[in-house]
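Checked TrEMBL, it gives:
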type: DOMAIN; residues: A:79-150; note: domain 'YdbS-like PH'
type: TRANSMEM; residues: A:12-40; note: transmembrane segment
type: TRANSMEM; residues: A:46-70; note: transmembrane segment
type: TRANSMEM; residues: A:186-208; note: transmembrane segment
type: TRANSMEM; residues: A:228-251; note: transmembrane segment
type: TRANSMEM; residues: A:365-388; note: transmembrane segment
type: TRANSMEM; residues: A:394-413; note: transmembrane segment
Amino acid sequence: MNNDFSKPQRESAFGIIIMGAHTMLKIGKASFFLFIIAFVKMSSTSFTYLILGISAIIVFSFIFAYLWYLKFTFFLDKEKQEFVVNKGIFNRDQVIIQLDKIQQVNINQNILQKIIGVYGLKIDTAGAHGEEVSIKAIDETSAYNLREHLLNRRAATEVQSEIEHENNKTEETPFLRISAWTLFKVGLTSNYGQSLALLAAFFYTVIYEGRQLLDAFKINKDEIQSTVTGMLTIVTVFILIACLLMVLLIINLVRTFYKYFELEISEHKNTLLLSSGLIAKKNTLISPNKVQITKYSQNYFQKKMNMLNMSLKQAQFGQSKKGHEMQGNTLEIPGCNPIERDELLKMILGQKLLKAKIFIPDWRFLNLPIFFKLILPVVAFLIIAFNVPEVKPYIGVSIAYFIIGTLMIYISYRRHRISVSQDFIIKTSGIWDISNEIVMPNKIQAITTFQYQWHKGVDVGHLTLHTAAGQIHFKYGNYTEIKQLVNYWLYQVERKNDNWM
Amino acid sequence: MTTETFFTNEVIDLDLLPKYEDIQLSRPHPDYWKIICINLFIFFGLLGITIGILLFFVDEVKPNAKWIIPLYFALLAIFLLLFRASFKKRGYAIRAHDVIYKSGVIAESTIIVPLNRIQHIELNEGIFSRMYKLGSLQLFTAGGQTGHIHISGIAIDEAKRIRDLLLKKIDLLENPITELNPNE
């Protein structure tokens, strides 16, 4: 068997089917509503054209997939320690990945891949633009073999890492397993924001496409509008809101189950193996010392249920703003209990969290947010309210806004703190979800301190720690203390040539 | 090092550590102020031409001339003052293990990049910089957009010396560095 991948090789021939289906799905998605419109508007005589069109797409997809399969080769360059992928149907693309730049190797299986019995393999790198390679079809042994090879070198170079002698437990047995019941609780208590965004996006497309459909059907829009407004009484609005909330919760639950079903973490030769997923099983292998920021967060409900969400942030490169790509480099572990958290932290950080010295911000932390988020809008609103009689009855709302806002800003002030010990920096923040971000000093890339001119007298200043996975801010601290801390961290970073990745 | 928390262990050490805030900073080359002025005057020249054309040819704009022209000159003066202040505030220092850059008028910020975290170095020379034999040095880290240092207005010989020094220090000499000529 050609097991060491040193010769250029194609992926499994099943890849044609996977790629073909993938392309078809893409085209299908893009033209889904087009098809519906065509289907409705069309007379029966041109039905054959539709069939022809669909089959043309299928044929095209598979020709494309076949060409893609022919041109896609990969091999492992042992001497240069590189993984080389050649691809591209019309233009020749060569992707070269240095093995020590590989951050994680994912082995996935979606439904189609499950039916055929092949695996997909994805390589995440720390390359300049987060470029990644994905092999769509590879049989199981080769997949695991390849992963072994890709991650092999790293294991050899990291023998000295502190993590190793910490973990001489039984290998391969998962030390963390999230049960369905926990997932249920997670789904009820977290990630409302993301589900809300999803729902909004869904409604937006439905309304947008719906309009086009209505145009296609030539239905009178005014009629619909009048029936809708006729239905809107106060009772129905409340029912509607209740329904929306229910939908939101259900979406939340489904999403959580889909993504994190049977989440397991086990230890595998100095690396962490995460696997989860309901329909598509996802396996992720990461080495703990590539994690830049470890974060755990908890809100009030979760605290009562004794569970918390963790996320492991890895290096984030390129110009991409906080968006989709960011999530790709963040591994979420929902619903651990404190014991599991400590276990995981110990694995990633190499040791237990110690008692630390806590730094809290100055009360001037409150000034700017209160002025810009509360006083300014409320004053503006009041000025409008006293001049426009229609707005006057809502003055009570602005008072409530002011009180709630003050409370929230005050809570955020009380939560905002940074605690520093020899090996860790822990930044705590949040209003509802209280998050703790843990950074090790050797992950610091650069440090910024800054101070407003008018804070010079009162010795208040700000601190930003730049890491490869984002920044950590500490605002309105005692500037003398901050400077001292900076000097200490610089000393820690510069004293030895620690690998940060 | 023991595993105890450092505040019970190394209090004395903390005060003995080198202090980044007390470092004597080098200022940008005085000629750099001329470049700032040239850039500023080019910008305001273009703006002035646009405004002039508008005032001359568009009748609706004409009555507003009495506040547009003073505003234009006020802006010019404010910008000159701001840039002058910011020019005065800039300073950099190369230490044995890190690079420090200080800047900012309203908020005075200091960024420190340890040498062993530098990913690559860029030396840029613009058209005007070239006339005055100046260059700007950029140090990139993996900390993304915000975690990098951009020092402009260093004499080109000095900049090259710093670059070579840094390259030597971070043992990066085999990697080619990019030299770009953007219009500053």
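The backbone N, Cα and C atoms fix where each Cβ goes, glycine too.
Note: TrEMBL annotation is automatic and uncurated.
It should be emphasised that the depicted structure is a prediction, and the values quoted were computed from it without experimental measurement.
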By DSSP, how many residues in the domain 'YdbS-like PH' (A:79-150) are helix, how many strand, and how many coil?
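So the domain 'YdbS-like PH' (A:79-150) is made up of 20 helix, 34 strand, 18 coil.
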Given a Cβ distance threshold of under 8 angstroms, which distant residues of the chain, six or more beyond its ends, lie next to the transmembrane segment (A:365-388)?
394-395, 398, 401-402, 405-406, 409-410, 412-413, 416, 475-476
With Cβ-Cβ distances below 8 Å as the criterion, list the same-chain residues six or more beyond the ends of the transmembrane segment (A:186-208) that contact it, or say none.
178, 244, 247-249, 251-257, 260, 299, 301-302, 305, 307, 309, 334-335, 433
So what's near the transmembrane segment (A:228-251) in sequence-distant terms, Cβ-Cβ under 8 Å and 6+ beyond its ends?
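Sequence-distant neighbours of the transmembrane segment (A:228-251): 187-188, 192, 195-196, 198-199.
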